[in-house]
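Novice: Have a look at this one.
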């Protein structure tokens, strides 16, 4: 019965997804959509709880006839036990980098797999926010490990600055492939630049506002609120940054453009706002970066004949910071909740809140889902999807062990190397063409071949035990 109900719910979700990202969004349709999403999440929790209870009962039955209970691992050694690696997180990261490679090499020339021209959400639009969110998950885990080793917060912050600087330099190096190393026109914005700045801010605040909690009987905080109360200063800081993003987006006055404009400009709206592409985000880039240092090949240029616009604007960094912080919230759940049921419940609760906020922002506040602007609705929607996907992967890989995460697990262990590598290796055998007018079938085969090569490289690196991290 549960499976049948889920099939019905999924059908409702699929139907509503077609309508939710358009201006003609109907309130009742959106309400049905989010109710369906919450029902799906609730059924996942109930199903997981059922299997968890079954496994506990089986373990208790085996323990009754199995003789003496084995001693806990913690008592065998005075040193603290090494944390078990969360393979589902590596698999999630591997899925993201695999899709990124597939999309960057063409995605079979299918438009619905490529980035949305402006408002909307396609497969390619999920990859970047997934990466940022996953980076956030690892921040509290690494921070907790360093603090347990008595590494000073000042030293941790210096490591954060070093890593951010390396990522920023990598971004400039990769941008020289497009701009031929001309320092007068080299692009400043970019994917790795967004990683560098968001990591610097979120990890930097975490370095000084991460508090170690006592465990067991000495704890002053109930276990079910630790992951929330220990992050209260960071909640306040990052929420303030997100509010700043919204205020600048809708209140900054731009010459010749209406205040709060977030459209693509160009020929949209009968070209009334031709030079207003991106609104405040593009205006800030023009002032601080300059038109010569901006990406000039975005989908808005092709579809709307818009003016130059960078798809990774500086203003979008503010909302991206909040996305990374939501990842740290998920990471803190891993740290402070030890059983699977508690972790899944927390993640799905946060996912539900993200979806509800998306519903409000899109349906009530009229803030469209837009990856180019990294709108708050886009950020909350993709974060909610991240919470759900990690929950599913965690149940399958780390809890029930029905899947080991391969082949994505291998790619997820070397994401930086694969990202830099696939941007540099634009040659045979990674890229090839049969004819200048390839069909979708031929393009899909070529792009899947490229993905397969990089997965094989990742597996070989894993076999050699070579892992590169910044």
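Each residue, glycine too, has its Cβ placed from N, Cα and C.
Nobody curates TrEMBL annotations by hand; they come from automatic prediction.
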Novice: State the residue range annotated as transmembrane segment by TrEMBL; the candidates are 191-209, 210-228, 229-247.
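Specialist: Feature transmembrane segment in TrEMBL: residues 191-209.
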Novice: Is it the case that the transmembrane segment (408-432) and the transmembrane segment (373-396) touch, counting contact as three or more CB pairs under 8 Å in which the residues of each pair are 6 or more positions apart?
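Specialist: Checked: the transmembrane segment (408-432) vs the transmembrane segment (373-396), no contact.
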Novice: By Cβ distance under 8 Å, which residues at least 6 away from the ends of the transmembrane segment (314-335) in the same chain are close to it?
Specialist: 86, 129, 132-141, 144, 189, 194, 197-199, 201-202, 206, 226-227, 230-231, 234, 238-239, 241-242, 244-245, 248-249, 280-281, 284-285, 288-289, 342-343, 346-347, 350, 354, 373-376, 378-379, 382-383, 386-387, 390
Novice: Is it true that the transmembrane segment (444-461) and the transmembrane segment (91-110) have 3 or more CB pairs under 8 Å, sequence gap of 6 or more?
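Specialist: Yes, since the transmembrane segment (444-461) and the transmembrane segment (91-110) share at least 3 Cβ pairs closer than 8 Å, they count as touching.
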Novice: Please average pLDDT over the domain 'DUF5009' (87-173) for the predicted structure.
Specialist: 91
Novice: Are there 3 or more C-beta pairs under 8 Å linking the transmembrane segment (347-367) with the transmembrane segment (130-148), counting only pairs at least 6 apart in sequence?
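Specialist: These two stretches do not touch.
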Novice: According to DSSP, how is the domain 'DUF5009' (87-173) divided among helix, strand and coil residues?
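Specialist: Counting residues per DSSP class in the domain 'DUF5009' (87-173), I get 70 helix, 1 strand, 16 coil.
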